[in-house]
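Taken from TrEMBL, the feature active site, nucleophile applies to A:SER155. Residues annotated as active site in TrEMBL: A:ASP320, A:HIS353. The substrate binding site feature in TrEMBL is assigned to A:ARG225, A:ASP354. According to TrEMBL, the feature domain 'AB hydrolase-1' maps to A:49-346. Feature annotation from TrEMBL assigns site 'Important for acyl-CoA specificity' to A:ARG322.
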Protein chains: 2
Amino acid sequence: MHPQPNSVGIVTPQTAHFDTPIALKSGATLDSYDLVYETYGTLNADKSNAILVCHALSGHHHVAGFHSEQEKRPGWWDNMIGPGKPVDTESFFVIGLNNLGGCHGSTGPSSPDPKTGKPYGKTFPFVTVEDWVETQVRLADRLGIEAFAVVMGGSLGGMQALSWTILHPQRVRHALVIASAPGLTAQNIAFNDVARQAILTDPDFHGGDFYAHGVVPRRGLRLARMLGHITYLSDDVMGEKFGRILKNDVFQFGYGVEFEVESYLRYQGDKFADSFDANTYLLMTKALDYFDPTHHHRVGLSAAMSPAQADFLVISFTSDWRFAPGRSREIVKALLDNDRRVSYAEITAAHGHDAFLMPDPHYHALVSAYMKNAAKGLGI
Amino acid sequence: MHPQPNSVGIVTPQTAHFDTPIALKSGATLDSYDLVYETYGTLNADKSNAILVCHALSGHHHVAGFHSEQEKRPGWWDNMIGPGKPVDTESFFVIGLNNLGGCHGSTGPSSPDPKTGKPYGKTFPFVTVEDWVETQVRLADRLGIEAFAVVMGGSLGGMQALSWTILHPQRVRHALVIASAPGLTAQNIAFNDVARQAILTDPDFHGGDFYAHGVVPRRGLRLARMLGHITYLSDDVMGEKFGRILKNDVFQFGYGVEFEVESYLRYQGDKFADSFDANTYLLMTKALDYFDPTHHHRVGLSAAMSPAQADFLVISFTSDWRFAPGRSREIVKALLDNDRRVSYAEITAAHGHDAFLMPDPHYHALVSAYMKNAAKGLGI
């Protein structure tokens, strides 16, 4: 057992293979695919204690615990999920998966296309939030889970939770929609497009078939990540953390690192460029852009949310300018218009969009209380 | 005369050549250089009615009027400057210049180095706001202007106005500091660094010597401009202008233009990449980063501003998140700490940072009133 207290300990990812073709929103069909996932806690006898954790842009199935004794950092939401933690694995059975199109084990553009044996690359179809929900439904079916106690996620993960409640109202008891939005603003889309253009115009992208050329579009991915990082943090927290602190004592008059903030951003960009698939990044940003429950039926958000039956906890963070609290309030209003039960909290937090990943005591106490109540209501 | 009413009409740029070497803040020396400039109105007998307009990141000397009958768009601040306009050329003599390091006629990285006959490229020295002020002082000397009635500018231009009041307090009667800041925040620097990295890592940049290769780093410049544009506009105005409007009626599931905002940004990026020098862009962003009156003497802003003798009009715009009103208030506080006369206005405007270029009636009325008063006080 890993020495970390309150940890789910060592976990081993599993792979579910699906060979029933899936018709995607784009019109394309994928004949078969794998989803990699992890589980924490124990599924109870009537399978009523399952939680689905949906990931954001660069997330994956490794949500909590460690893959080995040697692994230094636990899963990406380990502070939220574990025995005695806000999402308590003593009561709940938690599933984290890597979404279709990802690059952490689920079938995606870097996976071999069974027809050719070569990576899908640019032939991998576009995926939407709604498509992900359908693949998640199939995973639930595979595990015998008729209804989730909770579907939850932050950011793009929150959009999936929202989509679940619309598409499969009978299969979600509670939805936790954190630091999310009912759709991107023009500014959000604009930032995504700059990131995409950075990748698409990198000569090493090769129209998405860079695998065959033995290169990766590092420059583009690096820029995309640097830009993304700025939007994840608040102006204030960047000011507190870096301010105008110089790497050296005096100005260098060169294009090396002058300010600490440059050092941080370039490091984040480099790290990401070494590990993330460029085609997946493109797909994920497009899934964000496309998400809009009002789009298909050309109705307002209240009408779009009308099928939802779940109870909701909606959380936003004051300094989040990527998905500002006002966006969460749009969701809350739409739910109240439909007489849904909604708890809403706007957490005072300095960390911007990234706050949803931080162990803020107020935030965690709130989720904890909601989850305890939910467990009670569900007789868990 | 151009048919446009209240226009300064057809103007012809002039070039001033300087061959007294200038020692720059970076430690480098430039032996000689040209500054291109334009003037509007008439310099009065005692040369007391001169105004210097300092430009921002991508600006230049063509501030008002037209270069020819055929030119479709007037200078970049034509709505502000002309007969009967807020900066009234019936009373004032207005000078616009292209800063050293620019790419619109003043000596810069794309100019031939007299020693080699080839473009300076990466050997062109770094320039700072303080360096620009020194070159502007020399231009004033050349024109026999002992003191400016007004030094004014928006954004980076406002930083130059601020710097004038510190470095040459006896040579500035009034400073108009609009949509500016006493120094960049970590977030501002971070955005600049992403833009720079886009250019620096473009394979067509060739370490700054792309001229010799017959190419320009279009991809990098285009990304830099797209990103810049997002920060010039407010989230709200982007929402109003573009929202989630699609170029076509349905999702295309491709990487072409999906949303109108993408079309707009890519167009802006392409246009800029075709016309602006990449090395100049790098230099200008570095000048922004370096600007910090408190840096050299390690003092607070109030102490740094203590030499200033001018009267000030400081203006900010509510929706400007690049240089937010709070940044202008820092300047105002520092000036008040020094018992300077300061008028401050926070203009309610939707257009974000770009608002300083827009003909907002309240904004223009305010500048107009301030300028009339200034003229009166100066006996013009």
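Note: Cβ is positioned from N, Cα and C throughout, glycine not excepted.
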Candidate recorded positions A:SER155, A:HIS353, A:ASP354, pick with smallest Cα gap to A:ARG322 (site 'Important for acyl-CoA specificity'): A:HIS353
Nearest of the recorded positions (A:SER155, A:ARG225, A:ASP320) to A:HIS353 (active site) - Cα to Cα: A:ASP320
Whole-number Å value for how far A:ASP320 (active site) lies from A:ASP354 (substrate binding site) (Cα to Cα): 8
Fewest other C-beta atoms within 10 angstroms, as judged across A:ASP320, A:ASP354, which are the recorded positions: A:ASP354
Integer Cα-Cα distance in angstrom, A:ARG225 (substrate binding site) to A:ASP320 (active site): 18
Protein Cβ atoms within 10 Å of A:ARG322 (site 'Important for acyl-CoA specificity'), excluding its own: 23
Neighbourhood of A:SER155 (active site, nucleophile), C-beta criterion under 8 angstroms, separation at least six: A:ALA56, A:LEU57, A:ILE178, A:ALA179, A:SER180, A:ARG322, A:PHE323, A:HIS353, A:PHE356
